[in-house]
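TrEMBL annotations:
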- A:CYS19, A:CYS22, A:CYS25, A:CYS58: [4Fe-4S] cluster 1 binding site (BINDING)
- A:CYS29, A:CYS48, A:CYS51, A:CYS54: [4Fe-4S] cluster 2 binding site (BINDING)
- A:10-39: domain '4Fe-4S ferredoxin-type' (DOMAIN)
- A:40-68: domain '4Fe-4S ferredoxin-type' (DOMAIN)
Amino acid sequence: MIPSTVPPKYKVFVDPERCMLCERCTTECSWGVYRRQGNKILTYPNRCGACLRCASLCPRDAITVTLNQSCGREHPVWTPEVKQDVVTQAKSGCILLSGMGNAKEYPIYFDKIVLDACQVTNPSIDPLREPMELRTYVGKKPEKLEFDYVEEEIDGKKVKKAKLKTKIAPNLKLDTPIMIGHMSYGALSLNSHKAMAKAVKECGTFMGTGEGGLHRDLYGYSDNIITQVASGRFGVNSEYLNKGAAIEIKIGQGAKPGIGGHLPGEKVSAEVSMTRMIPQGSDAISPAPHHDIYSIEDLAQLIRSLKEATRWKMPVFVKISAVHNVSAIANGIATSDADAVVIDGFKGGTGAAPKVFRDNVGIPIEVAIAAVDDRLREQGNRHKISIIASGGIRNSADVFKSIALGADAVYIGTAAMVAMGCTVCGRCYTGQCAWGIATQKPELVKRLEVDDAARRVANLIHAWTHEIQELLGAAGINSIESLRGNRDRLRGVGLSEIELNTLGIKQAGM
Amino acid sequence: MCGIIGFMSRTGRLISGDRIATALNCLKERGNGEGSGYVGYGIYPDYKDDYAIHVFLDATKDYDKIRHEVEEVLVKYGYILKDEEIPTEEGIIKKEQVSWRFFYRFDEKYKSVEEDMMVDIVMDINAKIDGAFVFSSGKNMGVFKAAAWPLEVAEYFKIDQYKGFQWLSHARYPTNTKGWWGGAHPFNLLGWSVVHNGEITSYGANKRYVESFGYKCKLLTDTEVVAYLFDLLIRKHKIPVEYAMSALAPRFWDEIESMSKEDKKIHEAIRMTYGGATMNGPFGIVVGTQEGMAFMNGEVEEGNTMVGLTDRIKLRPLVAAEKDDLLFVSSEESAIRKICPELDRVWMPDAGRMVIAKLEKKI
């Protein structure tokens with residue numbers, strides 16, 4: 001084995017004064033950082049990813065994990081991380097893998113956008129006393145309604161009555177504009193999926209299955225499930241498609257635009273293998289393209305096939321990564337019978353992606369929403385398709401700003417995982433998740449208590465929903481449809497003129 | 001803030017404009033002298049089947065040139081039967097805009113699409129001709145407005161010399177944009193004239209919604225978008241007026257849930273389809289049409305038409321009244337009593353409910 005030439009990223013310290021040698025750290029750490037030797041706990045910090053399971057569960061608070069900054073010459077370009085990556089690749093000759101979202105310091109436009117509020121002449125609305133309506137329908141809408149007029153006799157008088165002639169396409173009804181995005185069974189544990197399913201059912205919203213099929217234990221939640229069809233077609237059959245309320249075709253993912261997916265064979269347990277319909281222990285590789293989709297026409301064919309397979313009863317979404325020509329692609333998707341386009345920004349999370357993709361490919365979700373909403377409206381196609389934004393939605397303000405920029409609803413991913421206990425250590429691809437979230441190891445999976453995790457996720461969605469209601473009230477708005485695309489309620493701070501124009505918002509003070 | 005008073009005669013009786021000016025003056029303290037305006041219906045009987053196009057031309061030495069550009073647009077599609085500066089009383093207010101009117105008839109070949117074409121012409125002039133704004137474009141009706149107090153505007157435009165079966169007026173207290181002639185109410189497109197008290201917090205969403213149907217919001221004020229929404233929903237989409245009103249101030253979901261199956265289906269479809277038209281924020285709105293007027297806040301009146309609307313939780317006042325063939329609507333009862341002290345009925349329409357008053361015969 002080629003030895004490492006850089007020191008560990010983290011420093012792990014067990015305070016001997018506090019440690020009572022209970023050895024809990026040795027069992028809780030799934031990475032093998034701790035080992036007892038005599039009356040001491042030895043540490044192997046080069047294995048540590050700072051998931052903080054040990055420090056969180058140490059009964060004596062004896063463990064501290066800190067960034068190791070004590071050695072090596074400081075250099076603004078050749079940072080410890082850059083050096084570590086070079087050394088790792090020099091050792092392995094392989095692509096570097098990473099988990100979670102983009103870890104570089106790109107501007108977060110959400111943080112440079114502020115919200116407007118009402119004062120005196122346009123009174124704010126008190127959400128405690130007035131209805132505050134967040135109900136959102138995701139799917140295709142007619143451009144206009146048409147009515148037939150029929151004569152009816154009421155109390156002996158002939159009255160002309162308008163009857164609705166237009167048939168509304170199937171839509172998903174959301175009680176809150178927050179859904180949980182697609183994270184597959186395989187990448188995540190079954191307990192994680194069960195917890196999220198319970199949470200979305202309670203909140204009147206939806207979760208995506210990801211590309212890993214749908215475990216039978218989740219069939220009871222089918223009214224709140226969006227199934228996914230990715231290029232690998234894992235777990236896709238008629239029963240699966242009909243066990244959801246909507247279907248999503250995954251073309252791209254914000255964390256890794258332009259490439260497929262990879263679930264390492266170590267995570268393909270017996271249950272995962274049955275659900276995905278692949279051999280146990282085999283790598284599950286989704287190719288970069290769908291090999292039956294090379295144009296919008298091909299996409300339209302698949303959409304119609306899926307609609308046919310589900311008797312035209314459910315909406316079909318198409319998920320794409322946010323890339324520079326996303327608006328033209330989304331407009332094409334709008335004309336292809338799809339009911340919603342999911343745009344996934346480059347801060348979106350992932351179980352496993354080449355680090356070079358995660359950190360360098362794609363564009364921010366904020367500008368993608370603005371561009372897509374603009375283009376769809378210019379082309380008269382906005383009603384044909386809903387916009388779901390995802391990739392780096394961190395709080396209710398991000399949800400609010402996404403909708404004001406033009407989205408109908410959002411997907412959250414990392415936030416739901418953090419609610420369950422994830423510490424964003426970014427090593428999901430190893431299958432060693434010490435919190436039982438991104439792993440298939442039975443001893444780790446059972447660490448995630450389903451009801452408790454479901455409660456946390458539901459609480460998070462409820463909390464954000466309350467905050468959105470408060471923000472709406474402050475903006476003098478009592479129904480979410482009046483926020484959608486209402487960029488007038490946003491102002492930019494610290495953005496250049498071209499950035500303001502791209503986002504379609506005014507500078508603060510104007 | 002902002003004062004609204006309007007009235008119509010259901011029998012089509014022509015009433016002098018000085019009545020509306022007297023009533024609006026009663027509401028002058030709801031404005032700040034930066035915008036007042038009137039609209040009269042039935043005021044141009046000699047040209048009743050032709051369009052009366054009122055245009056603001058920047059009062060600079062170039063105004064003749066700007067007017068010529070407007071004429072060039074108009075003559076492409078029809079005939080200018082007569083044009084002139086709208087008669088004004090000099091010395092009342094500073095003339096920031098020259099108010100010009102064209103009586104205009106479309107070429108016969110455009111007859112079937114003339115309303116769409118008139119909308120396009122208005123959008124084109126407002127968007128492309130620097131220094132020109134069409135502020136009125138209906139038949140047998142006209143808007144008169146300026147950045148001044150109610151009586152000043154009435155005297156300036158000699159409102160007492162016009163007679164109409166329906167008048168709406170507005171005293172403005174601008175809170176979102178500067179007070180300027182184009183920003184004063186009423187806002188008009190074709191026969192739709194809107195006066196509005198309040199601020200539409202959904203303006204950004206509504207603006208983007210109507211713009212995706214080709215309307216161009218160039219007058220920088222939330223009320224402009226309301227006129228376009230009426231035109232889109234009622235004229236272009238042909239939505240029954242009560243459902244169009246419901247699109248603008250929708251029933252709450254709780255109410256929809258408790259409706260009959262058929263009504264539920266309709267109102268759910270309205271909210272899903274016309275979410276971009278939903279208006280939020282405090283508003284009391286009165287809309288004049290060629291056939292009458294409607295105002296939101298109130299029950300649907302059988303056999304009536306003048307449109308008025310307040311927001312769903314009634315953050316702005318609106319009061320209605322009747323006397324014989326007259327129907328009044330105002331932000332204050334005092335303005336109605338000022339010109340009609342004895343009333344048969346006075347009522348305050350409920351939040352988000354419309355009142356529609358129709359003419360008994362076509363004028």
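A Cβ is built for glycine as well, from the same backbone N, Cα and C atoms used for every other residue.
TrEMBL: automatically predicted annotations, no manual curation.
Close to A:CYS54 ([4Fe-4S] cluster 2 binding site), meaning Cα to Cα within 10 A, are the following binding-site residues out of A:CYS19, A:CYS22, A:CYS25: A:CYS25.
Sparsest Cβ environment among the binding-site residues A:CYS19, A:CYS25, A:CYS48, A:CYS51 (other Cβ atoms counted within 10 Å): A:CYS19.
Taking the binding-site residues A:CYS54, A:CYS58 in turn, the residue surrounded by the fewest other Cβ atoms inside 10 Å of its Cβ turns out to be A:CYS58. Ranking the binding-site residues A:CYS19, A:CYS22, A:CYS58 by the distance of their Cα atoms from the Cα of A:CYS29 ([4Fe-4S] cluster 2 binding site) places A:CYS58 first. Classification of A:CYS19 ([4Fe-4S] cluster 1 binding site) by DSSP places it in coil, neither helical nor stranded.
Sorting the domain '4Fe-4S ferredoxin-type' (A:10-39) by DSSP state (H, G, I as helix; E, B as strand; all else coil) yields 5 helix, 9 strand, 16 coil.
Considering only the binding-site residues A:CYS19, A:CYS22, A:CYS25, A:CYS58, A:CYS48 ([4Fe-4S] cluster 2 binding site) has A:CYS25 as its nearest partner by CA-CA distance. Just so you know, of the binding-site residues A:CYS22, A:CYS29, the Cβ with the fewest other Cβ atoms around it within 10 Å is the one at A:CYS22. Here the CA atom of A:CYS51 ([4Fe-4S] cluster 2 binding site) lies 20 Å from the CA atom of A:CYS22 ([4Fe-4S] cluster 1 binding site). Residues in the domain '4Fe-4S ferredoxin-type' (A:40-68) partition by DSSP class (helix H, G, I; strand E, B; coil) as 8 helix, 9 strand, 12 coil. Across the structure, A:CYS19 ([4Fe-4S] cluster 1 binding site) and A:CYS51 ([4Fe-4S] cluster 2 binding site) are spaced 20 Å apart at their Cα atoms. Looking just at the domain '4Fe-4S ferredoxin-type' (A:40-68), the mean pLDDT is 95.
Distance from the CA of A:CYS51 ([4Fe-4S] cluster 2 binding site) to the CA of A:CYS58 ([4Fe-4S] cluster 1 binding site) is 13 Å.
A distance of 12 Å separates the Cα atom of A:CYS51 ([4Fe-4S] cluster 2 binding site) from that of A:CYS25 ([4Fe-4S] cluster 1 binding site).
Cβ atoms within 8 Å of the centroid of the Cβ atoms of A:CYS29, A:CYS48, A:CYS51, A:CYS54 (the [4Fe-4S] cluster 2 site) belong to the same-chain residues A:VAL12, A:CYS25, A:GLU28, A:SER30, A:TRP31, A:VAL33, A:TYR34, A:GLY49, A:ALA50, A:LEU52, A:ARG53, A:ALA55, A:VAL65, A:ALA434, site residues excluded.
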